[in-house]
Amino acid sequence: MTNLAVKYKQQAQEEVQIQTPPQQMAKPKVKAKITRIEKLLYVAFIGFLLYACVAFIGNKAGLYQVNVEAATIEEKIVQQQKENQELQAEVEKLSRYERIAEVAKKHGLEINANNVKGLK
């Protein structure tokens, strides 16, 4: 072949190469490997989160129980104060002078103003 024929073949090959887009080689996907330390850290973090959740829920349950007990005690205090007021009113009613004089007459006693002592 002559030099001209070789040049023609080379030119034809270059045109074919120019016309066809170059094929890119597929790059293999590289898996990101998780190291043992990273796995340990992930497990520790998840464990800590679980512990924190359980502790939080436990504390909430404990606070609820304490609030229920406090409400019960407050209710008992209010009830006792009401009972104390009723008893104080009864004491005042029973310690009136007219009632004491009536009981004294019933038992045959006389009230002597010189001999009366105040207890209050």
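Even glycines carry a Cβ here, placed using N, Cα and C.
Under the heading topological domain 'Cytoplasmic', Swiss-Prot lists 1-36, citing sequence analysis as support.
When the topological domain 'Extracellular' (58-120) is classified with DSSP, helix, strand and coil residues number 50 helix, 0 strand, 13 coil. What Swiss-Prot records for 58-120 is topological domain 'Extracellular', and it gives sequence analysis as the kind of evidence.
The transmembrane segment annotation in Swiss-Prot covers 37-57 and is backed by sequence analysis.
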Residue numbers, six or more beyond the limits of the transmembrane segment (37-57), whose CB comes under 8 Å of its CB atoms: none
